[in-house]
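Quick notes on the structure that follows.
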Amino acid sequence: MLMSAATSPMTLDANDLDTILRDALPVARAAAKVLADRWRGTPEVRSKSRSDLVTDADLASESLIREQLTARFPSHAIVGEEGGGEGGALAWFVDPLDGTTNFAHGHPFFCVSMALVHEGEPVVGIVIAPALSLEWSATRGGGVTRNGARCQVSQTTLLDDALLSTGFPSWRASRGDNNYRAFLALDAATHGVRRCGASAIEIAMVADGSYDAFWDLGLKPWDVGASTLFVREAGGLVTDFDGSPVALDAGRILASNGRLHARLSRALAGDVSLPPIDGVEHRAGPHLRRPGEVG
């Protein structure tokens, strides 16, 4: 549960946020080491569904994060992907292992993601991808860094020149709103669309200019909390598909360098035709409904 701004008078200034980031970084790094030490071993895997796995590494990482965050920030709530929890005016949203399927297969695209959310908005974010030797961190108003160097979004202005990234929801095999049509249409209209299976990393790579934009649906607050802060701090935009403001628990986002945002938003809304695929004109958006919508 995300708390609205009206529920808490608490304020956090830049010094507060810098201190919180400094104290939280060792926690994220310790959790990333848990993952790195277990990667390419023989993880114990159980299935929430065919496309949604959990391993012993997820659980070990979250246990460490909860214990250490509680010790360092006893007044902060913690909401984790595996352990749940109640949010509040000041809460950590934690994905102890984003990219679990990648991890279980020995693929290096996985990470720890931690975001401190204050009155519904991310104010501190950390993403560490140990197998890629990449670490992003940010505070609200303080900018974002990758491995200690300041990040900025890309300068790409034409969709024809763009490299995008996306994902597919866990229900992709059973429902029509699975992002396939948008993927095909935008892949044909750009340099390409990558799908790497760890949204926290992929959104962070919009912030550092590696990708020009990312969109997806079926997302949770712990998937996007840290990295959407990165994009905003790097000069980009994060909205719903239609360009409207988006809450962390909305379920879907469009994150871009800002220069491509209006064009992508129109495409995802189905208002703009994209280049023909096999002689057939496609529109990106008709099957991109909000989670829970039917039709």
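Cβ from N, Cα, C; glycine included.
Bear in mind that TrEMBL entries carry predicted annotations, made automatically and left uncurated.
From a predicted model like this one, the values you see are computed outputs, not experimental measurements.
Its Cβ taken as reference, D95 (Mg(2+) binding site) is surrounded by 30 other Cβ atoms within 10 Å in the chains shown. Residues or ranges marked as Mg(2+) binding site by TrEMBL: E81, D95, L97, D98, D223.
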Secondary structure of D223 (Mg(2+) binding site) (DSSP, helix/strand/coil): helix
Cβ neighbour count (within 10 Å, all chains shown) around L97 (Mg(2+) binding site): 30
Cβ-Cβ distance under 8 Å to D223 (Mg(2+) binding site), same chain, at least six residues away: D95, D98, S113, S199, A200
